[in-house]
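Colleague: Following this message is one structure expressed as structure tokens.
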Amino acid sequence: MIKWLARPADYASVWDAMKTFTAARGPGTADEIWLCEHAPVYTLGQVGRPEHLLNPGLIPVVHCDRGGQVTYHGPGQVLAYTLFDLRRAGLYVREYVDMLEQATLATLRELGLEQACRKPGAPGIYVPQPGGELAKIAALGVKVRNGYAYHGLALNIDMDLSPFLGINPCGYEGLRTVDLAACGVRTSVERAGELLAAQLARAHGQAVQQRAAALAGVPG
């Protein structure tokens with residue numbers, strides 16, 4: 001199931017809802033994708049270091065249980081929270097992250113951003129800039145509890161990027177961030193979110209089907 005949350009969504013409230021959903025689910029619970037835009041907020045992951053918060057100003061900071069360092073969420077950015085049963089899909093965490101990245105790349109290509117790419121050793125999706133620099137356009141951060149994943153990814157659509165200057169994005173000093181608008185792609189948060197959710201649902205559904213076929217002894 002794919003659903004949009006009320007916007008702007010309060011980060012702490014959505015995080016609590018994800019934890020509640022995950023704690024209550026069982027083997028038969030359907031997977032869900034939650035889409036939203038957040039009010040401005042910095043989030044610091046489990047291994048996040050305070051020194052990467054350079055100048056948060058008046059933007060609130062939330063320490064959460066996802067992986068990764070610090071990032072920023074705000075209007076003009078779509079969040080896709082993927083509440084997936086990884087055991088049902090037969091996915092390890094690394095395979096799951098790869099699936100999220102591949103689905104994001106497919107979405108960007110569908111939107112016409114063919115040059116988007118991954119960066120070895122640095123999760124997320126990047127766009128080459130003049131001079132060869134890679135600027136980050138999508139950030140990933142996940143949590144897996146008892147085989148159930150939550151949190152997900154953030155894709156920059158058309159937003160005020162200046163709050164990223166108040167942090168070392170994802171723990172990398174001087175890492176540049178970019179959005180679709182700056183890359184010449186004009187689209188809405190709603191359209192980008194729907195395309196992204198469709199790619200994520202398709203990729204995860206294929207993994208679930210392949211896992212079921214393997215357990216049944218049927219060639220995939």
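Just so it is clear, glycine is given a Cβ too, placed from its N, Cα and C backbone atoms.
So Swiss-Prot says this about it:
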DOMAIN    27-208  domain 'BPL/LPL catalytic'
BINDING   ARG66, GLY67, GLY68, GLN69, VAL70, THR71, TYR72, HIS73, ALA139, LEU140, GLY141, GLY152, LEU153, ALA154  substrate binding site
SITE      LYS136  site 'Lowers pKa of active site Cys'
ACT_SITE  CYS170  active site, acyl-thioester intermediate
Colleague: Run through the Cβ atoms and count how many others sit within 10 Å of the one on LEU153 (substrate binding site).
Modeller: 24
Colleague: Express the distance between the Cα positions of ALA139 (substrate binding site) and the residue listed as 'active site, acyl-thioester intermediate' as a whole number of Å.
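Modeller: It is 8 Å, counting Cα to Cα.
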Colleague: Between GLY141 (substrate binding site) and the residue listed as 'active site, acyl-thioester intermediate', what is the CA-CA distance rounded to a whole number of Å?
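Modeller: Cα to Cα, GLY141 (substrate binding site) and the residue listed as 'active site, acyl-thioester intermediate' are separated by 10 Å.
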Colleague: Whole-number Å distance between the CA of LEU153 (substrate binding site) and the CA of CYS170 (active site, acyl-thioester intermediate)?
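Modeller: So the alpha carbons of LEU153 (substrate binding site) and CYS170 (active site, acyl-thioester intermediate) sit roughly 13 Å from each other.
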Colleague: Which one is it: of the recorded positions VAL70, ALA139, CYS170, which Cβ has the fewest other Cβ atoms within 10 Å in this structure?
Modeller: CYS170
Colleague: So if I draw a 10 Å sphere around the Cβ of ARG66 (substrate binding site), how many other Cβ atoms end up inside it?
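Modeller: Other Cβ atoms within 10 Å of ARG66 (substrate binding site): 20.
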